Amino acid sequence: MSLSLSADQPAAPADAEDGVWLECIACGETFAPFADVRYTCDECDGLLEVRYDDLPTFEDFAAAADPDQGVWRYADTLPLPAGVSIQEGATPLYEVPGLEADLELEALRIKHEGMNPTGSFKDRGMTVGVAVAKELGVDRLACASTGNTSAALAAYGSRGGMETLVLLPAGKVAAGKVAQASLHGARILEVDGNFDACLDIVQELAGQGEAYLLNSLNPFRLEGQKTIGLEILEGFLADYDTVPDRIVLPVGNAGNTSALYKAFRELVQAGALETDEVPKLVGVQAEGAAPMVEAIENGADEVRRWDDVETRATAIRIGNPVNAPKALPGIRETGGTAISVTDEEITEAQRDLAGEGIGVEPASAASVAGLRKLRAEGIVTEDERVACLTTGHLLKDPDAAAAAGREPEPVPADTAGVLEHL
Ligand code: F0G
């Protein structure tokens, strides 16, 4: 099976270009990477993955370039040598001594993807995806989005000189994200429906050749997101001389879960990581939008689409995770799990992180909320070294931050009055 951790390095098919090709994860059909626009398999509509005939090791990354270069430091594991870049990646791997002690863990680090140019991990995918769009010669880009993808697409699309179209669920996208998409020049279409409905529409538009799709269904975008996993592993190797036991991350469409798993599989194939060293992947969803958790708990091979989804963590208000066929094996093969948390637990975790000086949006805090729950249940043990992924910046959703924080206190306009109030 191509998505197994022990899969062998495949030989390049005749349609590979410079050792790069696309392969269907369901039927194994292969395609040239940049000859035509395609998002899924022509034969069976299965999900596609980018494949390489030569996979790099940590030594190759170290030799390639300076560590501040971000995503493109890992060009050896990306489909193009350079991208449409705004200096994405190389995000902080924060120490959180208070939270680490509170959760009684050997080590806890926060990989804060909110520190990317547009404030979320989506930039890592877009720097690659928009470059591929240029390679393909398309002029209009589109995505459905709970907000962050639209912000990143708008920024990278305008940087790349292309028109951008974003479909958003009306009234369900945090203010900061709409503002970004708007200022970076996207045409914003507000759909009277949820994210999954937006994705259905944009997939049809893309299928009719109206625009190039840059949701995480696009296999090239996930290549950029692999670098989150590579940076975490390199950070842990530098600080603890070992990779983390576990990586906990919020799940919406399960793109990151798929991308991290692919990064680890490729390191195993390159001989840079042993199968039993691969970090356990733990996906966290909000209780009101938890189809992946349901599938993991039921041992199901497919995810049931949830038509009604609701959560304060609007970024992961998703009922039909399109990357499930890639992500379910990732969670299972690494010995990980999936868990859901309540909106209250998410807000509490947002406050925990804020107490360490780290500002994240609600969806991001789901990772820490999930870790707390698994620690309480004894599934995560005190000898573990854990990385939590926080996916978006606090300022993305100022309303949620204000609601979770302290109320402003009105005071008179003189020092005596302020002192008296204090
Ligand atoms: N966290 C944040 C802040 C997100 O914006 C998203 C996805 C996720 C987590 C989930 O990541 O899909 O890889 O499992 N946001 C998409 C968007 C859907 O449109 O911005 P995933």
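Placement of Cβ uses the backbone N, Cα and C atoms for every residue, glycine included.
Where the annotation comes from TrEMBL, it is an automatic prediction and has not been curated.
Since this is a predicted model, take the numbers as computed values, not measurements.
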Annotated region 'Disordered' segment (source TrEMBL; candidates 207-230, 303-326, 399-422): 399-422
Fewest Cβ neighbours within 10 Å, where candidates are the binding-site residues Asn148, Asn253, Asn256, Thr391: Asn253
DSSP-derived helix, strand and coil totals, residue by residue, for the region 'Disordered' (399-422): 13 helix, 0 strand, 11 coil
Recorded pyridoxal 5'-phosphate site residues Asn148, Gly252, Asn253, Ala254, Gly255, Asn256, Thr391, farthest C-alpha pair in Å: 15
Near-site residues: pyridoxal 5'-phosphate, ref Asn148, Gly252, Asn253, Ala254, Gly255, Asn256, Thr391, CB cutoff 8 A to centroid: Phe121, Ser216, Pro250, Val251, Thr257, Ala315, Ile316
Pairwise CA distance, Gly255 (pyridoxal 5'-phosphate binding site) versus Lys122 (N6-(pyridoxal phosphate)lysine), rounded so that it is a whole Å: 10
Neighbour-count leader, CB within 10 A, recorded positions: Lys122, Gly252, Gly255: Lys122
Cβ contacts of Ala254 (pyridoxal 5'-phosphate binding site) (under 8 Å, same chain, 6 or more positions away): Gly283, Met292, Pro321, Val322, Asn323, Ala324, Lys326, Ala327
